[in-house]
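Structure, as structure tokens:
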Amino acid sequence: MEKKENNRKLRVCVATCNRADYSKLAPIMFGIKMEPEFFELDVVVLGSHLIDDYGNTYRMIEQDDFDINTRLHTIVRGEDEAAMVESVGLALVKLPDVLNRLKPDIMIVHGDRFDALALATSAALMNIRILHIEGGEVSGTIDDSIRHAITKLAHYHVCCTRSAEQHLISMCEDHDRILLAGCPSYDKLLSAKNKDYMSIIRMWLGDDVKPKDYIVALQHPVTTDIKHSIKMFELTLDALISFNKRTLVLFPNIDAGSKEMVRVMRKKGIEHHPNFRAVKHVPFDQFIQLVAHAGCMIGNSSCGVREVGAFGTPVINLGTRQIGRETGENVLHVRDADTQDKILQALHLQFGKQYPCSKIYGDGNAVPRILKFLKSIDLQEPLQKKFCFPPVKDNISQDIDHILETLSALAVDLGGTNLRVAIVSMKGEIVKKYTQFNPKTYEERINLILQMCVEAAAEAVKLNCRILGVGISTGGRVNPREGIVLHSTKLIQEWNSVDLRSPLSDTLHLPVWVDNDGNCATLAERKFGQGKGLENFVTLITGTGIGGGIVHQHELIHGSSFCAAELGHIVVSLDGPDCSCGSHGCIEAYASGMALQREAKKLHDEDQLLVEGMSVPKDEAVGALHLIQAAKLGNAKAQSILRTAGTALGLGVVNILHTMNPSLVILSGVLASHYIHTVKDVIRQQALSSVQDVDVVVSDLVEPALLGAASMVLDYTTRRIY
């Protein structure tokens, strides 16, 4: 990687226009200065660096002990669109003389400012090689267009992220002339937080301010929609005043609209408000300490979505100026706001949080990579570019509008009699429910499921519910990894080897989860019920059949062939009644709704079911509820049958306690409350003393199957929990 042209030094011109780009260029300048055997450094200062209203920030370049070769006054005041154009024109008039005098081999240009466009245009037309820092990124306003225009003028590119690299490639830039280095400012950021910071906080915010208890606000005009950006700034200040936390407000940059934003600050008395400190400039070393220890940063500066992620500080990104930027999970977007309420809600969500530190934009080693890249440049190579056309990747990030919607799931419950679909919110509220009879054939059933889900999804939009996916609870043995019903119960016909995931996912364009009803009821308890927060518990579902689910070390157990927790088929008697599974003596053969119905019919056929106060209409089938009613009214035989059923269930629970040793057993389903006391009696009589203290409770969930189906979606699709 030595010099290619007679081993002479590479003459590098670094041109800096404002405080923001200097924070990225300074680490490179220090690196170049440290290697005088390879490089000669010329520094050109222009733009807002030289304006008193913006802090005369050229002084920090002098304080860093750099010799400024040229100062160019290029800003035409006015802070409107015409002034920006005139400033570019003035720079284009003045730069040729400077470049002719310095004769650099390469000019380093940063970012996306209008001053940088003038620099790149001048250098390109004078056949000076251009190294562009931070090309390939995506954001809002006119900066996006300027950045890409500079990319087309530049000969070499230093980008910060993998996506930016792919964007550059898709913009036809030569891959061999692109360096993925990371952001140069991260070389300083990642070692900054442990330095003394309390004196800096006191200097800028006052002696009574504590770390994580203040806000840093930095908002610039959006040149493509100045009127709206000023309105957004006004709402931001209103929200900050209402939020009532000490806030450091930095003046906006010199873009068109900045003068109006300053007027808004003064109209609201920000410079004299006791909660605010309004400043034109903070030295970068001090600024990074302030944002590193802030409770939140708010505004639309690229610093918020880029550098602040290195500290995990919460950020609220306002408006469209940074739309499309890659962001860490610390950034919450407020794209639009009609009142201060949305911004205020975002402040309540973000303030005081601590997120994981993000290294999306760098790992602290950008400068060594850039210097090595500079040394590899062959000045004998022609300036002509090569081109290629690869694809570009999209970037997706969180948005406050999505969070303020009701995050919801479509839950489907396939029962033996009914087919139910519900919209279920993150809190477990059933927003709307639809019920139809479950058809007898596969084709009718799958068509009805699709129809009901499509209708529910359309209704969800009207109800302001964002559907994250579909969860399906069904009887039988299910492969949840593939979304396939392997074998169904006898209650649901034509329901074996059925792929439920594919047709629903293809129709709704949503992810789909499938599991059996026992597991779903258990998931419902884990997320919304009495199993919430428990590491180990078991759920037993008492309904038409007997099912269940096991949570061990916070995870649902499916088993090697997806038939774990078939608790209804624990054998409690070697010579018990026949079970639907083909065996006999199972819990289900004693305690299920079908078993109780069988015994109720026997009593009814022998005229031993009905007692005084009871009647069964001729057109009504005798069932479990009639047996329970008879027992309550004193029918001794009905009471004996229920006691036997409860004992069988209790013996099953004892086996579970001895096998799994859970911390809780939850009885769910319509029969649970009728069995609970008998089950506890059996545990006291039959269980080992070491497990007799395990609590057995009745579930308080009304719709466990639907809630469990929804929980599969809500647990796996949400990345952020408030």
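Cβ atoms here come from the backbone N, Cα and C positions, even for glycine.
TrEMBL lists 38-375 with the feature domain 'UDP-N-acetylglucosamine 2-epimerase'. Residues or ranges marked as N-acyl-D-mannosamine binding site in TrEMBL: Arg477, Thr489, Asp517, Glu566, Glu588. The active site annotation in TrEMBL covers Asp517. Residues annotated as Zn(2+) binding site in TrEMBL: His569, Cys579, Cys581, Cys586.
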Candidate with the highest Cβ count within 10 Å, taken from the binding-site residues Asp517, Glu566:
Asp517
Could you pull the average pLDDT for the domain 'UDP-N-acetylglucosamine 2-epimerase' (38-375)?
90
Rounded to an integer, what is the Cα-Cα distance in Å between Thr489 (N-acyl-D-mannosamine binding site) and Cys581 (Zn(2+) binding site)?
9
Lowest local Cβ density among Cys579, Cys581, Cys586, which the record lists as binding-site residues, within 10 Å:
Cys581
Restricting to the binding-site residues Arg477, Asp517, Glu566, Glu588, which ones have a CA within 10 Å of the CA of Cys581 (Zn(2+) binding site)?
Glu588
When the Cα-Cα distance from Asp517 (N-acyl-D-mannosamine binding site) is computed for each of the binding-site residues His569, Cys579, Cys586, which gives the smallest value?
His569
For the Zn(2+) site built from His569, Cys579, Cys581, Cys586, further residues of that chain with CB within 8 A of the site's CB center:
Gly568, Val571, Ser580, Gly582, Ser583, His584, Ile587, Glu588, Ala589
Who sits close to His569 (Zn(2+) binding site): which same-chain residues at least 6 apart have their Cβ under 8 Å from its Cβ?
Cys579, Cys581, Ser583, Cys586, Ile587, Glu588
Which residues, in sequence order, are found in the same chain with Cβ within 8 Å of the centroid defined by the Cβ atoms of Arg477, Thr489, Asp517, Glu566, Glu588 at the N-acyl-D-mannosamine site, excluding those residues themselves?
Gly475, Gly476, Asn516, Gly518, Gly545, Gly547, Gly568, His569
